[in-house]
Amino acid sequence: MRTPRAAYPVTWRVMDMLERLAAAVWPSSFQRGLPYLMLLPAIVLVGLLVLGLVQIGDTSLRVLDTSTFLMSEDYTLANYQRVLTENFFATVAGRSLMGSLIVTAITLLFAFPYAYLMVRTPSSALRKFLLVALFLPFFIGQVVRAYGWLIILGNQGMVNEALGLVGVPPMRLLYNYPAVLFGLVQYMLPFAVLMLAPALTAIPNELEAAAASLGAGWVRTFRYVVLPLSRPGLVGAGLVVVTLSLTDFAIPAILGGGTQDFIANAIYDQFFRTSDQGLGATLSLMLVAVGSILVGVVFMLFGAGTLAMGETRK
Amino acid sequence: MSHDKLSSMQIRRRTLLASMAAAGASAGLSTLGVSRAFAQEPEKPAEIIVRAWGGSWVDALKAGVSDSFTKATGIAVRHDLTEDNEIQPKVWAAVAQKRVPPIHVNWDTTTNATKSALRGVTEDLSDLPNLKDTTELAKPVGLDGYPIVNTYGYVYVLAYRPSAFPNGAPKSWKDLLDPKLKGRIALYNDGIGFHFPAQVAGGGKLEDIPGNMQPAWDFISKIKEQQPLLGEDPDFTTWFQKGEIDAACTISTNAREAKKNGIELAWVVPEEGAKFDTDGLWIPKGLPENELYWAKQYINHALTREAQQVWLDGLGLPGVVPGLTPPADLVDDPSYPVTEEAFEHLIRISSKVQVENESQWFAKFKEIMQG
């Protein structure tokens, strides 16, 4: 006697079929390879980046022949020699590095109380306001934000107009190094807060309460409880801010008035203004190297912070 | 080299004057009926893509060349507003990889275009019928044939805000060293347009370019003490409009456009001279035959007197076809040179010399300004 169809629905049959198909394509003996298969897209992506770096490395070893505007066939270290010996590149590299460190320090200083208040406030309305204020800039591109500062800080901008009301003559607030750093801090603040917030959330309220119950004031609690426990967040946020600042292009270009180039601006000039792809590639590689060394030093000194994910944190 | 440069200037001036005299004769020429330019017409593409600068620049091109080309041929013209120096590597890569390039016609600075010509990625345009009616200015200096066709010239003038110069217009680039202008002047961020007049203002000779440009660097170092702003074309208009600067070395078209927008502005060619340069049109290699044909037709059309008149009225620049009438506001203006006397104060250096040394000049300028 045949089994009635209703006893084994069609959907089950389909599922059986799919299971058999999956078993044929990916036998159970392959199960241990599943995590690696899931890693494949990331490996392909990183592989493409590495291929790109290899290509850039190759280009960096060739010089531009300005009689044909083709790269040389022979390999040479001439571009590296130029980058290491010409004052201009040293100035730009120093400005970028120093700028990224200053921006990181100031950003963390501002981001910490913001993130702390956002995480700890009992007021849901205040938390929402802080979140909205944090995310709003993400909807506005970096370039638009920089142009916004041109309107606010320009000679005829809101700030100078306000100063004019109290008799202060217009002053140049833009197109200098502090203006670039200011723009970068404003741009980086949301990144830092977003990196710090999870680390601060992970600090139990009870620990602060316990410290207070043992007689510690707010400052001591902050110094000996909150700050050490938030170090992973500070390190993670610091790494993100320092690398993004170091490689930034738009803010130095717009708020620097053409006189405050960072390394990315110099790279753009070589690739697109003078068509010297070899020198541009060399600068790119050196930027990658400086950024990697900087991150490596931070890893060695402070660990990877929140970027270490599940790994035991120092 | 300097001798060649001067010779070319003299030839061009003579040709220009002769061409001006022949204006009446050429005025009767037809607008090159595009459809009649070549014996057989290959298949028409639906559109051709022309890279252009935005704002008033593309508006002028559209009004003068593209619209009339479309009317004559039925082929739509799409303007690609990618920056000239950003389209360049894309075109170079496409040609190197034997792909169809992303544009049909590139409206480019002659200096930039010369790089592409030296690299061998430009089509030869020597067979354009309308070239026979152009002045010597249309021919790129220092290159064989016509890998580029220059379509007009322009001057890097000293634009200034008259209210900041109550004693009259500035006469010299050295006037920018006035302490009251500290932080109130602007140059291009690579110094383009300023290197050559700075050479003269610094006590040097044009004949020494590129061998000895120390006078230029010395003068630029003095200018640096004035804390100039450094930017691109749109920045100058913004800075004048926002009251950030009182004087700038910029292309006359930008100054004229700013003035049209209601900004109080005037311009001069200072006694040391001002850089005169050209822009042009060229076609990248790798286009299908029929598209190459129609791209050439587009450039051929851009060389007609009618197209040049409307296009260059919009830009306020002198063209390469005899018989053009200057816009009313630019008659006898130093930024619209049409006489030998007007050209005497303008500095023209061969594109080849410029492209071969540009990288070093830009680097030196930046080293001074960023130091």
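Here the Cβ of each residue, glycine as well, is placed from N, Cα and C on the backbone.
Computed from a predicted structure; not experimentally measured.
These features come from TrEMBL:
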- A:36-56: transmembrane segment (TRANSMEM)
- A:93-298: domain 'ABC transmembrane type-1' (DOMAIN)
- A:97-117: transmembrane segment (TRANSMEM)
- A:129-154: transmembrane segment (TRANSMEM)
- A:174-197: transmembrane segment (TRANSMEM)
- A:233-255: transmembrane segment (TRANSMEM)
- A:283-308: transmembrane segment (TRANSMEM)
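Here the transmembrane segment (A:129-154) lies next to the transmembrane segment (A:233-255) in space: the count of CB pairs under 8 Å, restricted to residues six or more apart, reaches at least 3. Within its own chain, the transmembrane segment (A:174-197) is flanked in space by residues 95, 99, 102-104, 106-108, 110-112, 114-115, 118-119, 134-135, 137-138, 142, 145-146, 149-150, 153-154, 230, 233-234, 236-238, 240-241, 244-245, 248, 251-252, 254-260, 262, 306, which lie at least six positions past its ends and keep a Cβ under 8 Å from the stretch. Listed by sequence, the residues of this chain that lie at least six past the ends of the transmembrane segment (A:283-308) yet keep a Cβ under 8 A from its Cβ atoms are 53, 56-57, 60, 80, 83, 89, 93, 97, 195, 198-199, 231-239, 242-243, 246-247, 263-264, 266-267, 270, 314.
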